[in-house]
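One structure is given below, encoded as structure tokens.
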Amino acid sequence: AILGPAPVALFAYVYSPEYIETCDSLSKVPNRASMVHSLIEAYGLLKHMSIVKPHLATIEEMAKFHTDSYLEHLHKISQDGDNDDPQSVDYGLGYDCPVVEGIFDYAAAVGGATLTAAQCLLDQKCEVAINWAGGWHHAKKDEASGFCYVNDAVLGILRLREKYERVLYVDVDLHHGDGVEDAFSFTSKVMTVSLHKFSPGFFPGTGDLSDTGLGKGRWYAVNVPLEDGIKDDRYYQIFTSVMQEVWAQFNPEAVVMQLGADTMAGDPMCSFNMTPVGVGKCLQYVLQWQLPTLLLGGGGYNLANTARCWTYLTGAVLGKSLSSEIPDHEVSQHTHIHISALSLSHGCSHTHLHIPTSTQTCSFIVSHKKSDPQNHPLVFTVC
């Protein structure tokens with residue numbers, strides 16, 4: 001009997017024990033990858049996804065974005081953990097991105113995992129691909145930055161562009177996705193949308209409302225600067241107002257979404273006051289477009305909360321309601337999956353709290369591509 005082609009799996013999850021072990025070695029988020037994977041496994045979510053073993057990115061694959069000189073230097077210092085090489089400072093290697101033995105292997109693992117996920121989408125082996133250990137959005141083509149040694153998000157977008165004409169990048173990390181925006185600032189084929197904290201002295205110091213792209217990419221970068229204390233309902237209102245215009249004007253064929261969990265209440269960054277429920281609503285808004293979608297992690301420095309957030313989001317992707325009581329597992333630190341927003345008198349002190357009210361106008365700009373052949377900006381109100 002002719003059985004026909006195998007059915008396409010709806011969801012792919014990039015995982016191998018070796019990959020998790022490598023990601024656990026990152027000093028800024030030690031053992032976080034294990035905590036995330038263990039909680040996803042404890043909830044029984046793995047059986048609803050196709051498990052895909054990642055490959056290590058080759059130098060040639062990483063050189064699709066990063067310069068040869070940067071990759072060669074990273075490889076050289078990685079072999080012996082040389083902290084004294086004077087060139088390292090020029091490549092952004094130092095306090096935020098320390099030189100440690102094996103860091104090149106880590107970069108190749110993360111880059112390869114995101115490329116593996118993107119290839120699953122290209123090959124139509126899934127409709128949604130997940131790499132929670134990816135999403136390192138600050139790295140530049142010749143510079144490490146903000147804990148990021150490789151910009152796997154850029155590599156994933158470039159791989160998707162081999163098939164899809166227009167790729168949308170959506171970033172809901174606390175920090176501006178500067179490395180991704182910079183990579184595509186001159187093209188109209190990739191639109192970058194970033195909702196993030198923007199205030200004097202806050203890293204990376206970019207992502208103002210006026211940052212809209214350059215040259216042919218002008219109006220294809222959308223930045224939504226937000227201030228401390230924002231909660232789920234307000235965030236979702238702003239997110240949907242922006243994204244419905246982005247969808248209408250850009251008409252993407254594929255989506256990459258970075259879901260950094262440093263927006264969560266209780267994160268050491270002490271800025272936004274979000275819960276996984278609010279971020280999950282934003283994710284579901286994007287998923288309802290039913291486009292090939294690559295999901296990445298990112299920031300998240302309360303490690304247990306990050307595990308809870310990404311496990312909740314995995315359940316949301318799968319359409320599974322999770323029991324509020326966390327099943328027993330080896331890295332359990334909490335008894336409940338839910339994260340509650342903080343009162344202003346508890347935990348983080350939002351001394352500069354200023355959330356836009358309904359009487360204030362916040363204008364964001366998107367290319368008016370469909371109805372305006374001159375590509376003048378479209379200004380729309382979300383506040």
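Glycine is no exception: its Cβ is also placed from the backbone N, Cα and C atoms.
According to TrEMBL, the feature active site, proton acceptor maps to HIS138. Annotation source TrEMBL lists substrate binding site at ASP96, GLY146, TYR301. Marked as divalent metal cation binding site by TrEMBL: ASP173, HIS175, ASP262. Under the heading domain 'Histone deacetylase', TrEMBL lists 29-316.
Checking Cα-Cα distances from the residue listed as 'active site, proton acceptor' against the binding-site residues (ASP96, ASP173, HIS175, ASP262, TYR301) with a 10 Å cut-off leaves HIS175, in sequence order.
Using a 10 Å Cα-Cα cut-off from TYR301 (substrate binding site), the binding-site residues that qualify among ASP173, HIS175, ASP262 are ASP262. What surrounds the substrate site, by Cβ distance within 8 Å of the Cβ centroid and not counting ASP96, GLY146, TYR301, is the set LYS28, HIS138, PHE147, CYS148, PHE203, GLY299 from the same chain. With a cut-off of 8 Å between CB atoms and residues at least 6 apart in sequence, the same chain places ALA144, SER145, GLY146, PHE147 near ASP96 (substrate binding site), listed in sequence order. Excluding ASP173, HIS175, ASP262 themselves, the residues of that chain whose CB lies within 8 A of the CB mean position for the divalent metal cation site are, in sequence, LEU174, HIS196, LYS197, GLY260, THR263, MET269, GLY298, GLY299, GLY300. A simple way to gauge crowding: the CB of ASP262 (divalent metal cation binding site) has 24 other CB atoms within 10 angstroms, across all the protein chains here. Of all the binding-site residues listed (GLY146, HIS175, TYR301), HIS175 sits in the most crowded Cβ setting, with the most other Cβ atoms within 10 Å. On the 0 to 100 pLDDT scale, the domain 'Histone deacetylase' (29-316) averages 96 in this prediction. Note on ASP173 (divalent metal cation binding site): other Cβ atoms within 10 Å of its Cβ, all shown chains, come to 24. The substrate site in the record is lined by ASP96, GLY146, TYR301, and its two most distant CA atoms lie 14 Å apart.
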